[in-house]
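Take a look at the structure below.
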Ligand SMILES: [Zn+2]
């Protein structure tokens, strides 16, 4: 079988066991990562990436919060536009995991953990990590590491890769992933060589500077990462396992950063609001969270103090204190009418408090003021659904931009809308897409079978269902073959 050809076992070189990297370089096979990309076609690469992303969903929690997604995508787009290969497709997302990690998968899928975002003290620090990951992608380092993968099926490599990149500490690294890793005695690990790291730093810093972020933040953040290893009793941050930071790397980036003229780089509102939201979402001790934001409220610009109040409002909202939350968001929305997050938070509070008419009015106004804001649209859709207005909900959902329409939550919401519209075949069909996008292919197959049992299916629908069933079955067979 194909997998038996995979005899190469690239050992995991744990920081700071750097000499390993040299050995790895010696055993490079003919690589599929040459600059022409000759051994893997762009279509295969995208397929590989999509499969990787689906697998990640089943192994870890990818944030489905559109405000957070939009922010990470916007900073990613800004960087890619100034990278050395702006035409490469990229997909950016946040993983809800306290471990400090960021990673680049195949097909330009770049994930950043909530834990890493919260460790940053400036937006440029976050941008420097993302620029470094973009550098790995544009330099095709991943493919140099997984040449052996060309002898395995795409779904198997994608599952294995997902497990490796999110780190084995992930509590949701489940049975399926473990099986995928063990399948066919697959024992490959990803760890970039020292040369790979330096190259990603070099091209990353160039991208960073050209995207108007602070080049000095790269060595600063690397130093913080390295220092954090002393305080983390549990072990080395995931990021350092796959991207070992050495003294010479820090010195190199420091030297290069100093060649850029010094200036101030203020953080964007998007960064501040995202960090506040992530902190509120991931801090379960209510008093600790309130103290954190109360301290922030005493310092900085009026906008920064407003973000601290927003954080306090979010903590109240998560603790079901709707009146206190509503008052804060009401004030913020009046004071900063150009900030969509404030009116969205106010409307969200009304939804949670079962004031659905008020919520829908607020969302209607917000979509009018921010017509291209997908985060508001998806919340508006959910609010309309709760208010038993599925037809209206469908119209709002379909007006989302295309790049939101491949995510599990999009399909799930569409399935709920069709269920409300009493169209069960459509509902099952989109539930199937939801499960497939979330890496649960078996459940996707079941949903298509349920759809096929519905009466009065027209010819077109039958054709769609047959096509999807065949596709899901073939994906499932690929995975199973490797496990048996
Ligand atoms: Zn790296």
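Here the Cβ of each residue, glycine as well, is placed from N, Cα and C on the backbone.
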132, 136 bind Zn(2+) per TrEMBL; candidate in 61, 67, 197 listed for that same site: 197
Residues satisfying Cβ distance under 8 Å from residue 132 (Zn(2+) binding site), sequence separation of at least 6: 200, 201, 204, 218, 243
Cα-Cα distance linking residue 133 (active site) and residue 197 (Zn(2+) binding site), given in Å to the nearest integer: 10
Assigned element (helix, strand, coil) containing residue 136 (Zn(2+) binding site), judged by DSSP: helix
Confidence summary for the domain 'Peptidase M48' (69-256), mean pLDDT rounded: 82
